[in-house]
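Enquirer: Sharing a structure with you now.
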Amino acid sequence: MVNQVATDRFIQDLERVAQVRSEMSVCLNKLAETINKAELAGDSSSGKLSLERDIEDITIASKNLQQGVFRLLVLGDMKRGKSTFLNALIGENLLPSDVNPCTAVLTVLRYGPEKKVTIHFNDGKSPQQLDFQNFKYKYTIDPAEAKKLEQEKKQAFPDVDYAVVEYPLTLLQKGIEIVDSPGLNDTEARNELSLGYVNNCHAILFVMRASQPCTLGERRYLENYIKGRGLTVFFLVNAWDQVRESLIDPDDVEELQASENRLRQVFNANLAEYCTVEGQNIYDERVFELSSIQALRRRLKNPQADLDGTGFPKFMDSLNTFLTRERAIAELRQVRTLARLACNHTREAVARRIPLLEQDVNELKKRIDSVEPEFNKLTGIRDEFQKEIINTRDTQARTISESFRSYVLNLGNTFENDFLRYQPELNLFDFLSSGKREAFNAALQKAFEQYITDKSAAWTLTAEKDINAAFKELSRSASQYGASYNQITDQITEKLTGKDVKVHTTTTAEEDNSPGWAKWAMGLLSLSKGNLAGFALAGAGFDWKNILLNYFTVIGIGGIITAVTGILLGPIGFALLGLGVGFLQADQARRELVKTAKKELVKHLPQVAHEQSQVVYNAVKECFDSYEREVSKRINDDIVSRKSELDNLVKQKQTREINRESEFNRLKNLQEDVIAQLQKIEAAYSNLLAYYS
């Protein structure tokens with residue numbers, strides 16, 4: 001049963017990562033407690049070392065590790081077998097997967113000791129708990145009804161935000177959280193919700209169907225929301241077993257092979273560009289041919305069943321490698337970096353404090369006064385970096401908002417060619433028939449919305465790349481400013497103690513000696529549970545992609561569509577009516593439609609460009625403002641802590657007699673305790689690396 005090994009290995013590796021997370025979380029918590037206890041003891045001895053920032057950061061990191069999960073977002077159009085796939089993955093017939101029903105709400109599947117479903121609403125109502133049968137009955141709809149709702153731009157359950165399904169399953173218990181999206185469509189509310197998860201998941205499982213290879217809707221979604229955004233996507237071609245069933249002679253091996261190869265060529269042609277990382281082709285590690293129904297049937301009969309021939313073993317191996325090796329190692333490396341910083345800060349503070357215990361108050365004040373110029377230099381570095389961020393902010397906000405303005409104003413230049421692919425099938429008699437005119441108008445409105453959505457997505461991708469490039473440049477500047485900052489803090493230590501103190505002994509060749517604020521600014525530290533997917537600096541504690549999302553869902557996709565489509569329908573209708581009942585040339589009718597649409601569109605583009613470019617400006621500005629606020633706060637905290645560390649010692653010397661020997665021992669014990677916790681974290685990380693090597 002060799003292929004069962006993939007499932008077992010996945011569970012075992014998840015368990016191993018969960019154990020390491022737990023070990024590191026405990027060590028971080030003890031590290032925070034150790035430093036905090038020492039700070040409290042400092043009040044009755046030589047004074048606090050002002051390590052509040054380290055205590056706060058490692059406490060947050062410890063909590064994040066405790067709550068750590070790998071979040072998988074399942075995307076796919078209706079009737080692609082998403083629920084069947086998920087049931088096969090978890091090994092239970094949990095989610096509705098009958099022939100007809102479609103899950104109609106976004107569902108978050110996570111571990112819970114008891115089986116329960118909680119519905120969360122968006123209108124202020126309190127969450128509602130349901131049993132599974134009622135959930136399946138109430139929140140699944142027929143595909144025909146789903147299609148009708150989509151055409152009418154309506155949601156099946158407009159008051160529902162999402163559902164949380166808790167279930168005592170091994171896969172979930174070991175740290176997997178699954179988000180099941182209702183389907184691919186262009187409703188703004190749905191996309192806003194789904195895109196929020198797209199930006200905050202570890203991997204996307206994009207479910208397709210062998211019998212419907214790469215539909216227009218799927219290609220549009222990938223082009224608009226996935227392409228070029230640094231996301232990790234696993235493409236799951238479901239119902240591969242039905243390729244054989246579609247043949248006239250299912251036993252014809254040659255015909256089956258030819259049919260499968262044709263399908264593979266189609267999928268490769270459409271998906272290859274999404275399976276390249278830094279120039280390397282990883283198509284075989286990202287695209288999988290699955291037979292979910294076969295896997296589910298086997299696992300329901302025997303959870304340990306051999307899944308050979310279903311495609312699941314290969315998929316599980318790739319997902320396992322990505323999550324428990326690539327992503328887990330990256331996450332835990334940041335934790336190790338944070339622990340090293342806390343250890344170094346403690347050792348630096350102890351190394352400064354011990355020599356100063358020997359000095360009387362006057363000598364101590366004299367030495368503190370002597371380093372005032374250096375502290376002014378630290379403030380100068382802060383001001384210079386802050387100025388660079390603000391200049392970058394202003395340049396990017398102006399440039400990107402202007403690019404949006406130009407982009408919108410130029411839509412009319414290419415509209416006639418661009419709109420052809422969106423134009424609905426034009427039956428003039430349908431339009432002239434009052435009974436069918438509403439359906440025609442709805443189809444036309446949907447065509448405009450798709451056109452505007454695609455155009456907006458294309459521009460947004462360009463804007464994101466520009467912003468990302470700007471943050472990369474700021475990251476390089478942070479490294480340079482950090483190096484200068486370190487030189488000055490070393491000078492402060494030398495002038496205070498009279499010694500050249502080397503304290504960066506826990507830093508290896510793979511890391512630089514940048515101060516904590518610079519590491520944060522460079523994206524080397526993450527204290528945020530969001531922004532898990534893609535882009536350099538995605539690990540940074542601020543979340544610029546979600547800032548953009550929050551603004552851009554308010555913007556012109558909604559604003560442009562509202563401004564344009566509602567106004568266009570009237571003039572277009574008059575133009576078509578003017579052709580007369582006897583006019584049967586559909587081609588000319590189409591040309592008239594596009595011509596009139598362009599004429600009306602161009603009328604409104606200046607207003608849209610003017611109004612929405614300000615929204616774009618504000619969005620980009622807020623991205624850099626949030627970054628600047630956090631960077632400035634962290635630099636200020638560092639400068640203030642260094643000053644207060646010295647002021648605390650002066651205050652204590654002025655008010656009490658300090659027992660130098662006991663204080664020396666206390667500080668040395670603190671240093672040893674901190675190093676001991678760091679060593680445990682280093683060992684846990686190294687052991688995990690050794691296991692995977």
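Keep in mind that glycine also has a Cβ here, set from the backbone N, Cα and C atoms.
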Enquirer: Looking at 27-58, 91-122, 347-378, 603-634, which one is coiled coil according to Swiss-Prot?
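Expert: That would be 347-378, per the coiled coil entry in Swiss-Prot.
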Enquirer: Counting other Cβ atoms within 10 Å of each Cβ, which of the binding-site residues SER83, ASP241 scores lowest?
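Expert: ASP241, out of the binding-site residues SER83, ASP241, has the fewest neighbouring Cβ atoms within 10 Å.
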Enquirer: With DSSP as the yardstick, break the topological domain 'Cytoplasmic' (575-693) down into helix, strand and coil residue counts.
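Expert: With helix first, then strand, then coil, the topological domain 'Cytoplasmic' (575-693) has 106 helix, 0 strand, 13 coil.
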Enquirer: Checking distant contacts: for the coiled coil (347-378), what same-chain residues at least six beyond its ends satisfy Cβ-Cβ under 8 A?
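Expert: Same-chain residues near the coiled coil (347-378) but 6 or more away: 46, 49-51, 485, 488-489, 491-493, 495-499, 501, 503, 505, 635, 638-639, 642-643, 645-646, 649-650, 653-654, 658, 660, 663-664, 667-668, 670-671, 674-675.
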Enquirer: My understanding is the cutoff is Cβ-Cβ under 8 Å with a sequence separation of 6 or more in the same chain; which residues meet that for ILE293 (GTP binding site)?
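Expert: Once residues fewer than 6 apart are set aside, ILE293 (GTP binding site) is near GLY81, THR84, ALA88, ALA239, ASP241.
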